[in-house]
Every structure is written in structure tokens, then in C-alpha cells.
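**Student:** Sharing a structure with you now.
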Ligand code: SF4
Ligand code: SF4
């Protein structure tokens with residue numbers, strides 16, 4: 001397609017559609033608000049969004065659940081809460097298997113997962129995370145195996161294994177406990193160590209959001225599966241986690257400024273609004289009626305759903321921030337302007 | 001942590017950091033967009049040499065750019081922008097400021113004072129900078145004499161001088177369209193601190209002895225982590241291409257599901273040849289060589305353009321003090337970077353990694369303490 005030549009008076013140069021221009025026009029009459037004007041390249045994204053689908057936010061959720069319930073199981077083992085210990089271990093193993101399955105699905109072929117095992121790389125949160133997941137998985141596998149053994153083995157067989165079962169229980173309890181917290185926190189590093197504007201800028205608060213979310217979900221899972229008598233710590237963890245999640249999220253959004261916009265719009269906004277409602281409701285129900293089994297189960301379900309929505313919401317918000325060049329360009333231009341200002345002051 | 005910091009940002013020799021003993025001088029590109037004619041020879045040469053599959057067919061309506069962006073199967077991308085005089089004025093002003101004050105965070109180069117010109121030419125500095133002698137090149141397509149032009153070229157004048165005068169006259173007559181092209185061939189920046197390489201969990205991305213960044217397709221597991229880590233949006237995981245109707249092709253393409261990007265023609269470099277794009281570029285807009293020389297040529301060319309009044313010219317990349325420790329691909333741009341789809345102040349994400357890990361460490365610690373309190377404080 002060619003533009004026929006015309007003298008400039010009758011036809012100005014064609015103006016391709018550009019985000020920056022549109023924005024400037026909209027805000028022209030409001031002179032009090034300084035707007036960052038820029039011309040984008042046909043409104044196209046500058047950084048690329050991560051090529052990840054629903055598997056990754058599902059992994060974030062399941063990984064957090066596995067970590068939180070792993071911690072509850074260890075606590076249960078150390079404080080003599082046998083039912084909590086058993087149920088939390090089984091939930092943890094199930095969540096872990098689920099999270100590994102979605103990871104492998106994301107890669108396409110199981111053998112590809114093994115490529116991660118060829119190196120340990122400190123600068124790659126995904127490499128670190130793989131090793132954390134492997135360590136946690138090993139101990140959780142042993143832990144769950146001992147629980148299954150205790151449930152299904154006939155008494156004589158158990159007697160024969162008496163020399164190993166208690167030790168296995170103890171060791172796996174400490175081991176899984178040690179890997180649980182890093183597993184819950186590293187997924188925030190995974191998202192933040194990218195050029196995706198909203199994820200990167202959120203790095204100070206995101207691990208607290210994720211840790212809180214993991215605790216709330218695992219407290220919820222324990223409240224569904226375990227009798228209320230053994231669930232005191234689970235209720236504490238659920239409410240505490242929900243509070244940490246909500247407070248860290250509020251601080252994060254304040255800090256993010258314009259980069260928080262994607263968290264209020266579109267699918268991300270819907271997820272995160274749902275997450276808040278579910279988390280608040282779950283925590284409130286836990287406080288009000290957590291000692292009654294049906295209420296506890298309802299609260300647990302709300303907390304689990306809230307945690308899942310948090311992960312999907314944060315994930316989608318980051319993807320949206322990468323797709324719009326405004327979120328890449330405007331903070332960078334502001335950064336440049338600030339440095340320029342500083343330079344001028346130093347010069348004068 | 002200081003060990004970390006040195007490795008994660010700031011000036012350094014990346015090949016030595018990667019463990020190469022006695023590497024050759026670091027190699028790089030200088031892409032001078034002021035002499036790019038938008039022929040897309042670089043795109044074609046790159047596709048041919050590297051046997052890149054087709055990615056998508058169709059028209060975008062975005063000027064002459066139907067390639068859209070760099071990606072898994074597009075390692076050179078020519079951007080086209082159509083601008084009017086108002087925008088040129090703004091670019092001239094921002095470029096002048098940049099020259100006066102220096103890049104923010106970097107050393108100021110000081111104002112460039114116009115100096116008396118030596119050999120007159122439309123593209124000042126071309127003689128010194130490019131390998132071609134343009135003065136003996138055939139006349140360009142601009143009408144130099146004849147009806148509609150009132151140009152009187154003296155016997156001493158060169159063709160280029162005449163062309164410039166013709167253009168000036170047309171501007172005075174009002175027969176020159178209020179319009180200019182920005183045309184720029186974009187490519188992987190081969191960053192000193194490459195986000196893609198830092199975050200790759202398999203070691204598929206590695207640093208070559210030339211200081212460039214290359215993916216090993218047989219090691220990459222397709223995790224896709226490098227894709228959001230690149231501050232320039234260069235690297236991409238290769239998906240099955242679609243045909244003109246948007247349908248996925250039936251047959252698999254080479255290296256499907258694997259991250260791909262420019263290798264700076266690692267195979268050609270190893271036998272001492274130029275990268276395919278630089279070899280194919282008919283105007284020497286794409287130049288290849290030792291990075292230090294590329295940086296110097298870019299500086300000199302910008303200076304030459306400024307002395308002629310083209311203050312919109314500026315260097316992009318190559319500054320050791322920038323957020324990626326300097327790029328291996330240096331550009332001369334004629335407007336703000338974002339106009340070309342480039343980030344104005346790129347920063348490698350791993351520069352913050354120690355702090356990111358520290359915050360996550362606090363969070364993990366709080367989780368442990370919180371869980372302990374939850375158990376100790378529980379009545380049942
Ligand atoms: S431009 Fe992107 S893909 Fe190229 S080396 Fe830098 S970070 Fe890697
Ligand atoms: S997609 Fe391949 S090259 Fe990119 S980070 Fe993953 S393993 Fe490395």
C-alpha cells in the first residue's frame with residue numbers, strides 16, 4: 001500500500017495508531033496532571049509476556065499448598081497431633097504430585113524436566129526452585145510413605161519395620177519442614193526475576209503475599225480434612241496467613257503505583273477481587289465458627305479458593321503488564337527523568 | 001554479596017567472566033539507522049543462513065512493517081515509522097539535550113559545537129566511518145536539474161551536495177512532503193549482563209568466546225523463562241507457525257518448543273566471516289566488528305551528524321554504565337528509543353536478584369516463625 005503524494009497543507013503525514021498519542025489527546029485539557037507522553041511502536045509490547053498458560057499459576061497454588069501442609073505436618077509430628085500429621089502429609093504429597101504434573105505438562109515432555117537437573121545455577125530462580133522442589137519432594141515422599149505404611153500394613157509387618165518407621169517419620173518431618181518455607185517463597189522470586197513490569201516491581205512484597213497465601217490455603221486444607229480438635233494450629237495458620245496475604249497485597253499495590261493498574265482490570269482484576277472476598281470470608285468464618293466442623297470445612301474451601309484466585313490474579317496481572325508498552329516505557333522514562341534531575345542538581 | 005554484585009551488573013568483560021581464557025576481542029554490531037533504506041536484505045539473509053521457518057504471513061497495515069517484531073523465527077526486524085516535521089523537531093530537541101547533558105547516569109559528553117565542515121556531503125562522516133567511498137557512487141534518484149528544480153550546481157559540486165541543495169530548495173518551494181521515515185533494523189543486543197542467560201535453568205544459553213549470547217537448541221527444555229527475562233523482548237519460544245488463514249501448520253518445524261534468537265552468526269564468526277545480515281546490508285547500515293570499535297564509530301557518527309545540525313541522532317546501547325552493562329549491539333537512532341519499540345532505560349532483572357532473594361528469605365523466615373507460633377499458641 002502506498003500513500004499518494006499530496007502537498008502537506010491538504011494531507012498531513014499519516015499518523016499510525018499509537019497508544020501514547022491517544023492518551024495525550026484524552027488528557028490534554030487536564031493541564032494540572034503531568035502525563036508521561038510517549039510514542040509507542042504501533043502500540044506493540046516491548047518486553048514479551050511469559051509464554052506460560054494456566055499450568056504455571058496452578059503450579060504456584062499447588063506448590064504453596066504442598067509447602068504449607070508440609071509445614072503443618074511437621075508441626076503436627078513435633079507436637080503429637082497424629083491426625084493432623086497424617087492428613088497434612090497426604091494432602092502435601094497430593095499437591096506436590098499435582099504441581100509436578102502441571103510443570104511437566106508445561107514443558108511438554110517429562111524428559112525435559114531432567115534437563116533442569118544437569119546444573120545448579122544461582123542466578124536462575126527456576127534452577128534453585130527445581131532443587132528445592134526435589135528436596136521437598138524426597139522428604140514428603142518418605143513422609144507420605146510412612147503414613148501409608150502405618151495405615152495399610154498388617155500389625156506384624158509394622159512390628160518388623162518398627163526399627164525404621166519412627167526414624168523415617170522424624171527425619172522426613174524435619175526435612176520437609178526445612179524445605180517447605182523456601183518452596184512457598186521461591187515462586188515469588190520466580191515471577192519477580194523477570195522484565196515483566198508488575199512482577200518485577202512487586203518483588204519486595206510478593207514473597208509475603210505468596211507465603212501468606214500458602215499458609216491460608218494449607219490451613220484451609222487441614223480444616224477440611226481434620227477434626228476440629230487437632231486443628232487449632234491450622235486455624236491459627238489460616239487466619240494468620242490470610243492477614244499476611246491481605247496486608248502485604250495492600251502494601252504492594254500502594255508501592256506499585258501505576259503498575260498496580262493491571263491488577264484491577266480485566267481477568268486479573270476479577271481474580272484478585274474474588275481472592276479478597278474469599279480470603280476475608282474464609283478468615284472470618286474460621287474465627288467465628290472454626291470449631292464447628294461444617295463451618296470449618298466451608299471456611300477451608302473459601303481459603304483454598306481464595307489462594308488459587310490470588311495466584312491466577314497475580315499471574316494474569318503480570319502478563320497484562322508485559323503486553324502494554326505503557327508499563328514498560330513510563331516507569332523507565334520516569335527513572336531516566338529522576339536521574340537527569342539528580343545530575344542537574346549535582347552539576348549546579 | 002559483593003561477589004554477586006560484580007557479576008550481576010556494571011562494566012565487565014563477559015567472555016572472561018564466563019571462564020574463557022584469553023578470548024578474542026568482544027564482537028558486536030553497529031546499526032546506523034540514518035543510512036538504512038528499509039530493503040530488509042538483513043531479514044532475508046538471516047532467514048536464509050539460519051534456515052529459520054516462516055512465522056506468519058499477512059499484512060499488518062503498520063507502514064511497511066509486516067514482520068512485526070523480533071521472535072523465535074525473526075532475528076532481524078526492520079521497523080518503519082512515518083513522521084511529520086513536528087515530531088522531527090521534538091526528536092531534534094531531545095537529542096540535543098542528550099548530547100549536552102550526557103546519558104542520565106553516564107558521563108556527559110558536553111555540548112557539541114558546530115565546526116567548519118570539511119568535505120561537503122549529505123551523509124557527513126560517511127567517508128571516515130563506512131568502508132565504501134560514497135563520493136564516487138552513482139547519483140541518487142533525486143532530480144538534480146531540470147523542470148521543477150531551480151538548482152544551479154556549480155562545476156565543483158558533488159552529486160551529493162547537489163542532492164542536498166535540491167532537497168533544501170524543495171522545502172522552500174513547498175514541494176517537499178512534510179514527512180520522514182524512521183527505518184531501523186533491530187536485533188538481539190547480546191547484553192553484557194543478559195537476563196535471558198542469567199535465568200536459564202538448564203544452561204542452554206551460554207556466553208561464547210566472542211562475548212555473544214547463544215542458545216543450544218539440544219539443551220533447552222522449552223521452559224520459556226528466558227522470554228519474560230529479556231528487557232528488550234527479543235528471545236522467544238518457537239511455536240508451530242500458522243498459515244495465512246491463521247491455521248496451525250500440520251507438520252512440525254525445526255526446534256519447535258525451543259527458545260531461539262540471534263546467535264550473531266556464531267558459525268560464521270568461528271570461521272572468521274561476517275554475520276549474514278552485515279554481509280548482505282547494501283548501505284553498510286549494519287556494521288560488524290570489535291565492539292570497542294563499533295562503539296567508537298557510533299559516537300563519531302553521532303557527533304558528525306550533530307555538527308551538521310541533525311541533533312536528533314543519538315547512540316543507543318553500548319554504554320557500560322547502562323542497566324545491562326552495555327549492549328553488544330550498538331545503534332544510532334533518530335528519535336527516542338520507544339518510538340522504535342525499544343525500552344528507554346533497560347535494566348537486567350538479575351541486578352536486583354540479591355535483594356529479591358533477601359526479601360524472599362525474610363518471607364520464608366516469617367513463615368517458619370509464624371507456623372511455630374501457630375503451634376505453640378494453639379490450645380487444641
Ligand atoms: S537482548 Fe535479550 S535475548 Fe539478547 S542477550 Fe540481551 S537479554 Fe538476551
Ligand atoms: S526456554 Fe530454553 S533457553 Fe530459555 S530459559 Fe528455558 S531452558 Fe533456557
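Residue 1 is the first one shown; counting continues down the chain.
Quick reminder: no glycine exception, Cβ is built from N, Cα and C everywhere.
Pulled these from TrEMBL:
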type: COMPBIAS; residues: B:14-25; note: compositional bias 'Basic and acidic residues'
type: DOMAIN; residues: B:27-57; note: domain '4Fe-4S ferredoxin-type'
type: DOMAIN; residues: B:179-210; note: domain '4Fe-4S ferredoxin-type'
type: DOMAIN; residues: B:211-240; note: domain '4Fe-4S ferredoxin-type'
type: REGION; residues: B:1-25; note: region 'Disordered'
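Locate each feature and note its surroundings.
**Tutor:** Taking Cβ pairs closer than 8 Å, the compositional bias 'Basic and acidic residues' (B:14-25) reaches residues 7, 192-194, 206-211, 290-292, 325 in its own chain, all 6 or more past its ends.
Note: the domain '4Fe-4S ferredoxin-type' (B:27-57) comprises 13 helix, 6 strand, 12 coil (DSSP; helix = H, G, I, strand = E, B).
Averaged over the domain '4Fe-4S ferredoxin-type' (B:179-210), the predicted model reaches a pLDDT of 95.
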**Student:** For the compositional bias 'Basic and acidic residues' (B:14-25), DSSP counts of helix, strand and coil?
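**Tutor:** DSSP classes over the compositional bias 'Basic and acidic residues' (B:14-25) add up to 4 helix, 0 strand, 8 coil.
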